[in-house]
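What follows is a single structure, written as structure tokens, with notes after it.
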Amino acid sequence: MLVSYKWLKELVDIDVTPAALAEKMSTTGIEVEGIEVPAEGLSKLVVGHVLSCEDVPETHLHLCQVDTGDETPRQIVCGAPNVKAGIKVIVAVPGARIADNYKIKKGKIRGMESLGMICSLQELGLSDSIIPKEFSDGIQILPEEAVPGDAIFKYLDLDDHIIELSITPNRADALSMRGVAHEVAAIYGKSVSFPQKNLQESDKATSEAIEVAIASDKVLTYASRVVENVKVKPSPQWLQNLLMNAGIRPINNVVDVTNYVLLYFGQPMHAFDYDKFEDHKIVARAARQGESLVTLDGEKRDLTTEDLVITVADKPVALAGVMGGQATEIDGNSQTVVLEAAVFDGKSIRKTSGRLNLRSESSSRFEKGVNYATVLEALDFAAAMLQELAEGQVLSGHVQAGQLPTEPVEVSTSLDYVNVRLGTELTFADIQRIFNQLGFGLTGDETRFTVAVPRRRWDISIPADLVEEIARIYGYDKLPTTLPEAGGTAAELTPTQALRRKVRGLAEGLGLTEIISYALTTPEKAIEFAVAPSHLTELMWPMSVERSALRQNMVSGMLDTVAYNVARKQSNLALYEIGKIFEQEVNPKEDLPNEVNHFAFAICGLVAQKDFQTQAQAVDFYHAKGILDTLFANLNLKVQYVPTKDLANMHPGRTALILLDEQVIGFVGQVHPGTAKAYSIPETYVAELDMAALEAALPSDQTFVEITKFPAMTRDVALLLDREVSHQTIVTAIESAGVKRLTKIKLFDVYEGATIQAGQKSMAYSLTFQNPNDNLTDEEVAKYMEKITKSLTEQVGAEVR
């Protein structure tokens, strides 16, 4: 937000330097990025009156005689296409300094003496993006009242101090001059002085000319006024100066008025050419799939059902809250203007502007919030300005659809609550003084008082917000300072810390690289891979929709990282993360979410590169499962893998739930090809585990098992069974035989082919037996194999080959 110090002083009677003001604002909660004076570095720039202008034959040059307040006119050679006799211009006399510290000297051009330079605004250092288009390719023409020889700075307000504020999402009220004025008035104990406009209305009612309606719950209110017989022309110089100093290009008096109101009230507005309407009813609704709109920048925008549009005759004429449409824009022939003042859902506007990469001053304010109480006041103010600057006739009244609460919000607390949290000994009189400076109403006493918070401060809704306001105005530098008190802690890791350290070591030993992803994501991604989604916990004032909800899974964030790396030609990835997910079992507005530690990893690409000995090997489900098997083995935990098709974003044939003591603690598998395509990533395998469940299941004592000196015996068995029987089912059947000496089950072959009946497969296992106290005999092992074979036959219908 760029704040004009001159304009601010018109609204608040302060007598401090811009630097002192910036320092004070920074220490009370609104950071000042810097102060800029447009005239800084410029010198000897004066008003010139072009007395005569003659074309130089066979060139684009003009030989001008210019009155700069000296005894005799000054001859200047100028190449600007818009220079002519009779206009007032900017003249840099010899010795002047212009942009980039360039010094002007006397010189000769084509043999003609030139005693100075007639300047454009670009040559004074102003950006092309804010210069009026009529002067973008030529020199700036000054107002008629400019006096030759005067310094030009006061005519263009280049001597103003422009204070750049860094506005956080919770202080969007300061995205307006009135909001900044209220803040400065509170800091210095002053009162604000806002100019009033005398609106003269005609006998004809606005309702006779226009009708408005709302057809979406994302449009909170929509109001319009009509101004007839306007004369579209350039704005007066003071208004152009003000807009350029705020970083906005002047267009014409009608559009400039809407931008002025935007800066003054923080209320985005739009002006339509009424005569270009095909109907006299305006409807604000959601766009339909397949609709499109050519916006004011000449770009055709394809719309989705997530976008809001303003329609006339059921055709979009504006992209609500973002940019108007080209078909109804104000031009030099416009005579009747429809003014729009509305409030749109900030999340919807953020999605639209982000999707289209179309950020504007209006969309920024709708995203962060506008003052409900001044929507109609801003509309009336704009109409009065058009009456004043465009000689328009304002129709009586306004038309409006949708009502907004405008009364103050009441928040109650006590003096003890404030003092305990600030460590102060403030009196109730101190509290009264502070809220009086802020312009807030106050009733009650020190035991219990209620503050009436104006709608312009929509960031204040709970007692803690009041404490912050008190601290800001009282002065952070006045708060007592104390050293933190902390008792000694035992020099050992907690069980949670120990588990995190062990899992981290195992993951890195398996070749995984740790990442840290955002805990905040989009509402859609927050629940994308959650096994059991809960209520969403969303920020009230998010910086962007991409960081608006607390995650309920970690995989979606990892896939964002995978996509980032793949887009940069890094496709062989093995990543892991240990972090928190946030489960909300109750209303998020009433209680905080539960924070649960999770472990997740993602692998894609090649696990082994091609070389002279081996072929390249791509990652697959078994690589992902192998990582987990190693993890569980080192944690001394026994889990089950159960195939599942219930996770919508996972491959239905290559995904398994992970069960520990019959409870689901996570999943492993391939990301669904459709989801992978949406993320623009290759075939990727992921897993996610609940570390809290792992910690709870860890054995309390580690029992040492002596390494036996007796050898193990191995037997292989090949099974013919139905194609649908899983490896886990076979392992369960083998274990259910109850053979104590069975120490290891290993699958070493799976075969389906011409020698196997259709619908069947062959699976071969290696079974390891060992007695820690004695040698095993062949007869004992044969009995074990007989029990296992019987179990396999009875439970899975296996045929031993």
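Note that Cβ sites are derived from N, Cα and C of the backbone, with glycine treated the same way.
Straight from Swiss-Prot, the features:
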type	residues	note
DOMAIN	39-153	domain 'tRNA-binding'
DOMAIN	406-481	domain 'B5'
BINDING	Asp459, Asp465, Glu468, Glu469	Mg(2+) binding site
DOMAIN	708-801	domain 'FDX-ACB'
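This view paints the features noted in Swiss-Prot onto the structure.
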{"residue": "Asp459", "record": "Mg(2+) binding site", "contacts (Cβ under 8 Å, 6+ apart)": "Asn170, Arg171, Ala172, Asp173, Asp465, Trp541"}
{"residue": "Glu468", "record": "Mg(2+) binding site", "contacts (Cβ under 8 Å, 6+ apart)": "Gly29"}
{"residue": "Glu469", "record": "Mg(2+) binding site", "contacts (Cβ under 8 Å, 6+ apart)": "Ile434, Phe435, Leu438, Ile460"}
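Cβ contacts within 10 Å of Asp465 (Mg(2+) binding site), excluding its own Cβ and spanning all protein chains shown: 17.
DSSP classifies Asp459 (Mg(2+) binding site) as coil under the three-state reduction. Helix, strand and coil counts under DSSP for the domain 'tRNA-binding' (39-153) come to 13 helix, 47 strand, 55 coil.
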